[in-house]
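What follows is a set of notes on a single structure, which appears directly below.
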Amino acid sequence: MFFHGTSRVNGKGHLEIGGVDTVELANLYGTPLFVYDVALIRERAKDFKQAFADEGVQAQVAYASKAFSCIAMFQLAEELGLSLDVVSGGELYTAQQAGVSMERIHFHGNNKSRAEIEMAVEAGIGCFVVDNFYELDLLADICEQKRATANILLRITPGVEAHTHDYISTGQEDSKFGFDLVSGQATLAVKKALAVDSIHLLGVHSHIGSQIFETTGFVMAVEKIFEHLVTWREDHGFEPSVLNLGGGFGIRYIEGDTPRPVGDYVKEMIRAVKQQIAEHEMSMPEIWIEPGRSLVGDAGTTLYTIGSRKEIPNVRHYLSVDGGMSDNLRPALYQAEYEGALANRVNEQPVGMFSVAGKCCESGDMLIWDLPLPEANHEDILAVFCTGAYGYSMANNYNRIPRPPVVFVEDGDAQLVIQRERYEDLVRLDMPLVKKVKV
C-alpha cells in the first residue's frame, strides 16, 4: 500500500492523515467525506517555487483552481504565494469572497460570457488568457466601453499530443481550445491583439494535456512555440514578456503510475526555453505554469461507509458505499482508477478482490474494480486515495444526493471548510408548480 504525504497507520490500526484519525473524522462529520492533507499541499507548492528558484528564472506558479475550488483553498493558495487560474465567473467570485489579490488572477475559458468579462475587467484581474477571436473582439469592446485596459495571453495549440485520455488532451490541433499555430490563426490573433490600444499582449499560453508523466511533450511544445515567436518578432515586432506553459503534471493514482518529481518538469521546460532563447537571441520571458492536480490530487482522500454486499459466485464480489459518481465522476467519465483501504483496519491482510460500487442508480457507477481488501463488513470505513483533484469540483446532485463536506487536516487539527449539503439545500432554488385557475 502506498501512502501519500502525512498519511500513516496509527496505534489503533487506523488510517491517520495530518495527525488526525480518519475513523474519528468519519464519526464526527459522517461519510462521504473529503479529507485534505494541507502539509502535502504546502510541500508541493514549495517544490514548484523552489524548482524555478534553482533555475534562476522569474516565474509565477498559478494554482489551476478547477481542480478544487472553495474559499479556504483559495486563501491557502494566496498564503503559499500562488497565483490563481480561474475559468468561470463563479470561480472568480469565490476568489473575491476569499479576499484573493485580483492582480494574481488569470482568467481562462473558451467561451467567457460578456457578463464574466465585464466582471473580471471591473475587478481588475491580472490577465485574461484569450482563447478565440470572438473573445478578443468582446474584450476589446468592453475595455473601450469601460475605458479600461487588459493584459492578455493568447492561448495557442502547438500541435503536440500528450499521452493521456482523449478528454483531457488539449494541445493537439483538433481541440476546442486556443488558436491553431499551423493554420495561421495564432499569427492573425497576434496581429489583431497588437492593433488594439486597450489590450496589452504579454505573451502566449500553451497547455498540452493532463496527467502527463513524460517531459518530452513540454519540450516539443516549447520548440514549436519559438518557431512562431521568431517569425512574430520579425514580422510584427512582438517579443513575449510572459510564456505560460500550462500544467498537466501527473500524479500517482495506482501502482504503475510513474510521475516525475516536480523539479524535473520545471528543469526540462527551462532548459528548452533557455536553448531557444540562446539560439534566437531573444530576451528571457517570465515563465508561468498552472499546476492543479499535482498540487492537490494526492493530498485528498475520500472516506465512505460500506453498506450492502453482493457476491456472484466465481464472478465478482461487490461492496456498495454511501457515495459514488455523485462525489467522484472521474471513473465514469475517464475510466479513472484508484486505490483504497479500510481506514479502520488498515493493517489487516487482503483476503480477496472486491469491486466498489457507488449508490447512484447507474450500472456505470463503479468507483474501483478489483480492490484487494480484508473481509469487509457493514459499517467499515473505506478510504479512497488521491481524490483531491476533480472530486469535489465535479461533485453533483444526481439522484438528489447532497454533496459531501470537506475537511482540512494539519498538525493534529481538523477544520471543516465546506459543510455537507442538506436536503433543504437541494430544493432551495426549486419553484412550485403554479396551477392555472379555470374561469
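Yeah, the Cβs are placed from backbone N, Cα and C, and that goes for glycine too.
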### Query
In Swiss-Prot, GLU290, PRO291, GLY292, ARG293, TYR390 are given as binding pyridoxal 5'-phosphate, so which of GLY248, GLY256, GLY352 is in that site too?
GLY248
## Note on the structure
Those recorded positions from LYS66, ARG330, TYR334, CYS361, GLU362 that fall inside 10 A of ARG293 (pyridoxal 5'-phosphate binding site) by CA distance are LYS66
#### Entry: Most crowded position, judged by CB atoms within 10 A, among LYS66, ARG293 as recorded positions
ARG293
### Task
Within 10 Å of the Cβ of PRO291 (pyridoxal 5'-phosphate binding site), how many other Cβ atoms can you find? Include all protein chains, please.
27
### Query
Which of the listed binding-site residues (TYR334, TYR390) has the least company, meaning the fewest other Cβ atoms within 10 Å of its Cβ?
TYR334
### Query
Other residues with Cβ within 8 Å of the Cβ centroid of GLY248, GLU290, PRO291, GLY292, ARG293, TYR390 at the pyridoxal 5'-phosphate site?
ALA64, LYS66, ALA67, SER210, GLY247, PHE249, SER294, LEU295, GLY297, ALA389
### Query
Helix, strand or coil: which one is ARG293 (pyridoxal 5'-phosphate binding site) in, per DSSP?
helix
### Task
Work out the three-state DSSP category of CYS361 (active site, proton donor).
coil
